[in-house]
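Enquirer: Have a look at this one.
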Amino acid sequence: MSTMPHFSRTLVTTALPYANGPVHLGHLAGVYLPADLYVRYKRLKGEDIIHIGGSDEHGVPITISAEKEGISPRDVVDRYHAMNLDAFTRCGISFDYYGRTSSAVHHATAQEFFSDIEQKGIFQQKTEKLFFDLQAGRFLSDRYVTGTCPVCNNPEANGDQCEQCGTHLSPLELLNPKSKLSDATPELRETLHWYFPLGRFQAALEEYVNSHEGEWRPNVVNYTRTWFKQGLNDRAITRDLDWGVAVPLQSAEAVGKVLYVWFDAVLGYISFTKEWAALQGNAELWKTYWQDPETRLIHFIGKDNVVFHTLMFPSILMAWNEGKTTDCYNLADNVPASEFMNFEGRKFSKSRNYAVYLGEFLDKFPADTLRYSIAMNYPESKDTDFSWQDFQNRTNGELADTLGNFIKRSIDFTNTRFEGVVPASVTKEEWDNLGIDWQATLEQLDSAYEGFHFRDAATLGMEIARAANRYLTSSEPWKVIKVDREAAATTMALSLNLCHALSIALYPVIPETCNRIRAMLGFSEPLEATIQRGTSLLSSLLTPTLQQGHKLREHSEILFTKIEDSAIAPELEKIAKLIAEAEKREAALAESRIEFKPAISFDEFQKVDLRVATVVAAEPVAKANKLLKLRVQVGSLTRQVLAGIAKHYTPEEMVGKQVLLVANLEERTIRGELSQGMILAVENSDGKLFIVQPSGEGINGQSVQ
């Protein structure tokens with residue numbers, strides 16, 4: 001089995017969900033269920049582990065939600081913190097502590113970090129231009145600005161990202177910017193902000209990430225390295241807002257400013273651990289989990305949060321640790337970021353209500369059916385898809401027919417024919433001859449959980465159930481008992497011990513069900529009550545546990561009720577409606593793109609300088625999955641042009657192509673890259689782009705007539 005002798009304990013954190021809406025199944029699959037599977041398994045091993053999570057209660061999305069509803073940000077976060085904590089609890093996500101970044105302890109912790117780093121002279125102050133809403137009398141953070149995306153012409157792009165094409169933006173890049181507060185056109189004004197110099201820590205961060213190559217998932221390492229390749233830039237650490245952690249300075253420049261949520265939120269892991277420690281009656285206990293090198297720190301996140309946990313948070317901790325010999329923080333030993341789980345072939349989208357929300361799901365179906373379905377579809381190395389049909393099939397075919405059927409048959413037959421007691425003793429030899437290599441299974445389970453391969457772990461548990469079913473069916477105790485009661489008794493004793501083994505092996509995945517199995521087996525306490533640090537319950541798989549004479553509970557129960565077609569029909573109707581609405585929006589947007597623009601005169605058209613150009617080099621643009629950076633030859637000149645064609649052409653396909661270039665288009669900067677023109681392309685009804693090219697070989701630089 002996997003062992004880590006250099007770690008005495010483990011601290012698991014999970015990404016903080018924004019408290020401005022309910023969590024959906026995509027969040028559960030990517031972050032919270034895998035963390036819970038891991039934590040529950042480590043507890044079974046008797047290890048010292050705590051699971052810390054909580055709500056991210058600051059940031060622009062929350063203030064926007066509050067303003068839309070005409071309530072305070074506090075009202076918004078109170079509602080969704082309670083809602084999400086309730087959903088997590090009902091789903092069996094076993095946090096040791098679930099905190100809030102609006103707490104006094106968190107504010108003090110975040111301000112302490114800011115002050116420490118500020119006193120070291122690490123922060124930089126910069127004056128920048130931001131949009132200011134004259135009617136509202138305030139600066140506008142990125143999400144308070146909307147406008148037209150410069151890449152795909154989506155007229156409803158946000159100031160931080162275009163949801164349609166995925167391009168990350170700044171408000172200044174939007175065309176026709178408008179304030180979300182007043183719908184007025186904002187003006188640019190100067191404002192002073194504090195910046196964190198990420199580049200100062202790049203060498204240390206690269207060494208840190210490189211030291212974990214081979215341990216971390218390739219997607220985590222590779223994505224982080226794309227940031228290194230670009231070079232790490234200064235990052236704003238303050239914002240002009242009135243909701244958040246106030247900048248702890250007395251200067252006039254700090255008035256009306258709060259800490260940027262990227263800096264504030266990750267420190268919640270620390271402040272929440274402090275609050276947990278206080279509840280244990282030892283206010284200093286948190287230091288053992290954050291500052292003792294014997295503690296292993298693991299961040300469970302989705303892939304959209306990678307850089308915040310491989311670059312941002314580590315650099316903050318490095319800045320704190322700088323110049324200290326005590327009170328230094330540990331950096332994460334692993335960051336097992338998941339890919340995305342989509343919903344019926346499309347990405348989850350809260351803004352478009354294309355989602356299945358966790359609380360609503362649990363109102364209709366048992367938590368363990370969802371936990372199992374997602375574990376078996378865990379997006380470890382590639383995106384996966386949740387579908388109602390798959391959920392129904394797994395519940396009915398695997399949980400009900402395989403696991404539930406075996407448990408009920410074993411207990412019912414024992415209650416009926418053997419007075420509800422384990423009817424025989426079972427030897428180690430008989431246990432080992434069941435056709436299950438218990439030692440190998442235990443090692444495979446350990447490898448799966450310790451390696452964050454949760455689909456493999458769930459599959460191993462279900463394989464035990466299949467083997468148990470095969471054993472009981474092939475042994476036919478209902479026939480054998482008529483001629484050999486002793487043999488039938490041995491079969492049932494082995495079957496009941498298999499029930500117990502399943503209650504251990506599948507516990508991390510379906511904990512409520514496993515405790516129900518234990519109750520039917522006659523155990524008075526749930527498994528959680530028997531867990532002790534230093535004692536592994538997994539070793540009970542190696543030998544039969546239930547001895548002859550052990551009393552079962554008098555009545556069994558059906559563990560899983562099959563899901564009828566009628567139960568998921570409303571969900572399928574709902575998703576069909578959502579897809580139809582999405583397609584309608586997309587069609588309307590497509591139509592809006594082909595509306596004729598206002599007429600121009602011939603003289604105005606003559607001002608457009610169209611030239612034949614040849615692409616001589618092409619490469620992707622980091623963090624903009626629709627853009628290619630092209631170098632084009634125009635006569636004797638070379639130009640750099642950014643084109644939104646990366647979904648339709650590879651860089652290799654573009655090199656050598658002749659294109660038509662708008663050569664006198666005003667230069668602009670997109671995602672930090674200069675674009676000196678525009679190439680022409682057309683879009684078909686399926687949304688595919690085609691480069692407009694000369695029908696014959698043109699001459700570079702030749703004017704288009």
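Numbering starts at 1 and runs along the chain as it is shown here.
Cβ coordinates come from backbone N, Cα and C, glycine included.
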Enquirer: Which residue range, 17-27, 72-82, 413-423, 446-456, is the one Swiss-Prot calls motif ''HIGH' region'?
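Expert: Feature motif ''HIGH' region' in Swiss-Prot: residues 17-27.
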Enquirer: Among 42-46, 67-71, 347-351, 382-386, find the range that Swiss-Prot records as motif ''KMSKS' region'.
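Expert: When 42-46, 67-71, 347-351, 382-386 are checked in Swiss-Prot, motif ''KMSKS' region' belongs to 347-351.
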Enquirer: So if I exclude everything within five residues of the ends of the motif ''KMSKS' region' (347-351), which remaining residues of that chain have a CB under 8 angstroms from its CBs? That is, six or more out.
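Expert: 21, 24-26, 163, 340-341.
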Enquirer: Which secondary structure state does DSSP assign to CYS149 (Zn(2+) binding site), in the simple three-class scheme?
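Expert: Note: CYS149 (Zn(2+) binding site) is coil by DSSP, not helix or strand.
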Enquirer: Can you tell me how far the Cα of CYS149 (Zn(2+) binding site) sits from the Cα of LYS350 (ATP binding site), in Å?
Expert: 20
Enquirer: Excluding CYS149, CYS152, CYS162, CYS165, please set out which residues of the same chain place their CB within 8 Å of the center of the CB atoms of the Zn(2+) site, keeping sequence order.
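Expert: Along the chain, the qualifying residues are PRO150, VAL151, ASN153, ASN154, ALA157, GLU163, GLN164, GLY166, THR167, LYS626, GLY644.
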Enquirer: How many neighbouring Cβ atoms, not counting its own, are there within 10 Å of the Cβ of CYS162 (Zn(2+) binding site)?
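Expert: By my count, 25.
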Enquirer: Give the sequence-ordered list of residues that share a chain with CYS152 (Zn(2+) binding site), lie 6 or more positions from it, and have CB atoms under 8 Å from its CB.
Expert: CYS162, GLN164, CYS165, THR167, LYS626, GLY644
Enquirer: Going by DSSP, how much of the motif ''KMSKS' region' (347-351) is helix, how much is strand and how much is coil, in residues?
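Expert: So the motif ''KMSKS' region' (347-351) is made up of 0 helix, 1 strand, 4 coil.
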Enquirer: For the domain 'tRNA-binding' (604-705), what are the DSSP-based totals of helix, strand and coil residues?
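Expert: Summed by class, the stretch gives 7 helix, 50 strand, 45 coil.
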Enquirer: Under a three-state reading of DSSP, tell me whether CYS165 (Zn(2+) binding site) is helix, strand or coil.
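Expert: It is coil.
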